[in-house]
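One structure is given here, and the rest of the page talks about it.
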Amino acid sequence: MGTSFVLLVVTIMGIFIRTHEAQLAYDYYKFSCPFVESTVRTEMLKIFLSDISSPAAFVRLLFHDCQVQADANIPGPGISLNKLLHIFTSHGMTIEESVSMLGAHTLGVGHCLNIASRLYDGNPDDQMNLGFEAHLKWKCPTRVPLTNLTFVPIDSTPIAFDNQYFKDLLMGKALFGIDSTIARDPLTNPIVTRFATDQDYFFKVFSSAFVKLSSTKVLTAKEGEVRRQCYRRN
Ligand code: HEM
C-alpha cells in the first residue's frame, strides 16, 4: 500500500509538465515521449526496491527542493503555524490540506541539527512523551550536534506511507516543533485527530493537496525551460 501510494504521487509529479500556453497539461509528452508515465513508473519502482530511503527523498524533493528553493525561503523545523498556513494557502490549499501536507513526514528521517533546539531549549507548553524525549536525547546527546550523520525517523513507521505520523503526534512523539504545534493548536488539533483515526480520509486530502502543491507556482513558458538533459540547463 505504502509503495504504491508513493508511486502514484511520483507519477502525478511526472505528468504535470509545462506547455507553451503557460498552462500545465497531462499529455505534454504525448508525441515526443508517449510512454513517459509507464517508463517513469518502471524506473521509479527499480529505485524504490533498491534504496529504501528513496521514496522519502522523492516526496521531499517536490517541496523542500523544488517549491521552497524557488521561493528562496526555506522553512525551519520551528516555523509558526501562521507561516505554515501562509505557505500552503498561497498554493490554493485549505487549512485541512495544509495540515495534510505535513503528513508527508510519515516518510523519512530528521537530523539532530533540526531537533536539538526543541530538545534542549525547552518550551514548557510543548511537553514530549518522556520515553520519546529520552530516546531522542540518547541519539542527539549535545545541543550542538557533534556530527551531521545522526538521524532519527520522523515517525515510528518511516518507510510506510500511512497515518502513523498523526497518531505519534497525539502521543507527544513529534520530532519537529511545527509537527508538535499542529497537534496542540486548537485550530488544527481536530484535523490531526481526524487524520489519525481515518487513514483513507488522510490519503484523500493529501492527494488533492499534493496535486495543488505540484501544479501551482510552476515556472511556465519563457519563465522556465524543459531540459533536454535533466542534469543541466539547456
Ligand atoms: C513548512 C512546512 C515544512 C517544514 C517546516 C518541514 C521541515 C522538515 C525538516 C526540518 C526535515 C528534516 C530534514 C533533516 O533533518 O534532514 C524534513 C524532512 C522531510 N520533509 Fe518536510 N517540512 C515541511 C513540509 C514538507 C512537505 C510539504 C513535504 C512533502 C510534500 C515534506 C516532506 C519531507 C520528507 C519526505 C522528509 C524526509 C526526507 C528524507 O528522509 O530524506 N515536508 N522536513
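Backbone N, Cα and C atoms are what each Cβ position is placed from, and that goes for glycine too.
What you are looking at is a predicted structure, and each value in this text was computed from that prediction instead of being measured.
Over in TrEMBL, the protein carries these features:
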BINDING   Pro75  substrate binding site
BINDING   His105  heme b binding site
BINDING   Thr106, Asp155, Thr157, Asp162  Ca(2+) binding site
DISULFID  Cys112-Cys140  disulfide bond
DOMAIN    32-234  domain 'Plant heme peroxidase family profile'
SIGNAL    1-22  signal peptide
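Annotated features, which come from TrEMBL, shown on the structure.
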{"residue": "Pro75", "record": "substrate binding site", "DSSP (3 states)": "coil"}
{"residue": "His105", "record": "heme b binding site", "DSSP (3 states)": "helix"}
{"residue": "Cys112", "record": "disulfide bond", "DSSP (3 states)": "helix"}
{"residue": "Cys140", "record": "disulfide bond", "DSSP (3 states)": "coil"}
{"residue": "Asp155", "record": "Ca(2+) binding site", "DSSP (3 states)": "coil"}
{"residue": "Asp162", "record": "Ca(2+) binding site", "DSSP (3 states)": "coil"}
Close to ligand 1, in the sense of Cβ under 6 Å, among Pro75, Thr106, Cys140, Thr157, Asp162 as recorded positions, are Pro75
Across all protein chains shown, the one of the binding-site residues Asp155, Asp162 with the most other Cβ atoms within 10 Å of its Cβ is Asp155
CA pair Cys112 (disulfide bond) / Pro75 (substrate binding site), Å rounded to integer, equals 17
Nearest by Cα to Asp162 (Ca(2+) binding site), of the recorded positions Pro75, His105, Cys140, is His105
The most crowded of the recorded positions His105, Cys140, judged by neighbouring Cβ atoms within 10 Å of its own Cβ, is His105
The rounded CA-CA distance in Å from His105 (heme b binding site) to Cys140 (disulfide bond) is 19
Residues near Thr157 (Ca(2+) binding site) by Cβ (under 8 Å) yet at least 6 apart in sequence within the same chain, in sequence order, are Thr106, Gln164
Of the recorded positions listed (Pro75, Thr106, Cys112), the greatest number of other CB atoms within 10 A surrounds the CB of Thr106
Pro75 (substrate binding site) sits from Asp155 (Ca(2+) binding site) (Cα to Cα, rounded, in Å) at a distance of 20
